[in-house]
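*Asks:* Once you've had a glance at the structure underneath, I'll fire off some questions.
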Amino acid sequence: MQELYNPKEIEKKFQTNWDENQSFKATEDPSKEKYYCLSMFPYPSGKLHMGHVRNYTIGDVISRYQRMQGKNVMQPMGWDAFGLPAENAAIKNNTAPAGWTYENIAYMKTQLKQLGFGYDWSRELATCQPEYYRWEQWFFTKLVEKDLVYKKMATVNWDPVDQTVLANEQVIDGRGWRSGALVEQKEIPQWFIKITAYAQELLDDLDKLDEWPEQVRTMQRNWIGRSEGVEMDFKVSGKEESFSVYTTRPDTVMGVTYVAVAAQHPLALEAAKNNPTLAAFCKKCKNVKLAEAEIATMAKEGVDTGFKAIHPISGLEVPIWTANFVLMGYGSGAVMSVPAHDQRDYEFAKKYDLTIKAVIKPANTDLDISVEAYTEKGVCFDSGEFDGLDFSAAFDAVETKLVAENKGKRQVNFRLRDWGVSRQRYWGTPIPMLNLEDGSVVPVPENELPVILPEDVQMNGIVSPIKADPDWAKTTYNGQPATHETDTFDTFMESSWYYARYCSPQSDDAMLDPEKANYWLPVDQYIGGIEHAILHLLYSRFFHKLLRDFGLVDCDEPYKKLLTQGMVLADAYYYEDAKGGKVWIAPTDVETETDEKGKVISAATKDGQTVIYDGMSKMSKSKNNGVDPQVMIDKYGADSVRLFMMFAAPADQTLEWSDSALEGSLRFLKRLWKIAFDHLALGAVADLDLKSHTEAQKTLRRELHKTIAKVTDDIGRRQTFNTAIASVMELMNKLTKTATKTEQDRAILQEALLAITKLLAPITPHICAELFEVLGQTEEILNAPWPTVDESALVEDSKLIVVQVNGKLRAKLTVAADAQQETVQAIAMENENVSKFTDGKTIRKIIFVPGKLLNIVAN
């Protein structure tokens, strides 16, 4: 064993060894308990960032730990390779997205290997490869056959200068990112998958996911947004037509004083023909794409359509207004407005001087709606036949009346909308549909799949190459001319089923091999960022249920246990340019002055430019505060980087980057190396002889086995990896303070070092593999079993008892571990320092905590 720890040399040795031996190749073995550990696959953007490193280190630690538990572990890796950034990079670098993507994959794969991650590379997949996306296309055609897919008009961002559809990210302050033109909202036909058909099951099955963070389950529940209410019909005065509204508060129906419709509602569009003010308002609303969150905070505006609606119960007329807070895509595009009992309706009514009629009051206090709406549930009044009814009774009574008069019904609604999967981009999976000359649309026949995306293309940044090339779209169907759909799939499609494809990635005659899929699925542990809590995880759960219903998998859910790792933060610095814009400077180019508490007082670039410290924020390109993992691996070694990632913070919380803490990780590993070197330098080690051990030796072994028990629980059950590492550090401190004079001292140290290498092996695998070897072990640490706790070592022959008199420490006694109160009391009373404070006094009370404390109360 060499004296100095050389991470580069050791890491290269074992990475080569693992690669050549395919040490992490997984095969189905029904005789062993399987464990499928998966980290969310990366987008191949160019190089790994520290968020990736944290995510993948956590996954690798769990995988290696489970392998040492004797399980058959699969940990695959692949590439979420389609998407807009590749198009943007291709335009910028005047290249095709495919080449850029494959180059990035090659580089990032090298980085992953340098970090020692134990992936089964034989299962590697990239979603941009036809052998992957052909099955996505095939499955989509099956969904079409089952009537789970439809096409309808939907709104997109349209750049009128570039004549192209823009992704939300390409709209900057309402303008196209390239042309600078004001972006319009345009309706075009798009494909949708009926996720709403599974809304109830997606909601119900969240209860099965008891190993998911409650925060994620709550976010999904809210996104699905189940509500129970009443749908009722309002007739339009003087017309044959009627329209429906949905409400969760039918108890307030007698307080409706106006109805609000979306700017794109047929009634609004009809009224706008003869009303220039309304027409201008509708146009303004059309060109503003709003999320629900923005609607909640924006100024409420509207225009009277001039139409009146007939109240379904009172028969009274109420005005119909067009309002900017009603969206055509939600419900019927019309809402009943009860300003006395809804704050948004209240603000609108106040602004436009509309009637406010109160119909609900608190049970035991006076009603006051002078400054805001009363939105709580209460008792009906001024509501005719519903007076005196509470919420529940009024709900039922209103529903019963509407149903009897054929004007409404009870209904369950979901906030969840069907999944729009069309994208007007190039770098994605072509949607496998054909347009025929008679206007009909049919799926591409199975024997013509995949519809291959051409990779050798020129990107002009304006229009998708497959939309620009009429020859690409031309094809035939049953001998008739046809054209291919030129839209591509939302990239969430690829990431919705990749976890299942890993089970049989080479399968070329089926989407999944059911036998293999049912052996490995569900994923036992999934790791990824909280930002994917809703869309990716919800779409993936939906896709899994589709796979199940097509007989491809047996289980109901894709991911059994979920860990959402925290972000990686770093210091951020900037100065303001002449226009007041922020110019962000990399922390490595900044020199700082700090106070005694480490707080930054002043900062400047190395050439003297004063900069402002912006605190810690998420590592990002925009703030130029990312740390290149490659630089850290080269400087400190992969094991030090991995150790820092697992020790600096609990896995599910934010991690603050610190170069000095990373140096501390390297120091710790050097210390472990030195303890092993000094130990081995003394020559051969005797076997443990438990019977001959002194109290001090028994105590040290007890500490060792307590540590094994704690680390096992911390990693295996609690997933508090940082406290597991802290326990090993404490044990090492005790080992270094213990003299190794005798044969048995060294035998215990040998046992401890072997245990420590195993305990740390999932976290710092390279150094532990080397130490395990030099400590005389013939098997590879990869295949070594996790250390077991020697229960007999935990049994204490004696205990240290604290003796207090009137709450003050007077003695510490070593007594037999099973000593009863009488024995401990007798020994304590003979102690000189105890008797000094009890002689001549009356003992009023004795408090005894077995094995810990004796407190004598005397006066």
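The backbone N, Cα and C atoms fix where each Cβ goes, and this holds for glycine too.
Given the structure is predicted, the values throughout are model-derived calculations rather than measurements.
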*Asks:* From the ranges 28-32, 213-217, 478-482, 618-622, grab the one Swiss-Prot calls motif ''KMSKS' region'.
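*Replies:* Going through 28-32, 213-217, 478-482, 618-622 one by one, Swiss-Prot gives motif ''KMSKS' region' for 618-622.
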*Asks:* Averaged across the motif ''HIGH' region' (42-52), what pLDDT does the model get? Just tell me the whole number, please.
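*Replies:* Here the predicted model's pLDDT, averaged over the motif ''HIGH' region' (42-52), is 95.
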*Asks:* Applying a 10 Å Cβ distance cut-off over all chains shown, what neighbour count does K621 (ATP binding site) have?
*Replies:* 10
*Asks:* Going by DSSP, give the three-state secondary structure for K621 (ATP binding site).
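*Replies:* The residue in question, K621 (ATP binding site), is coil (DSSP, three-state).
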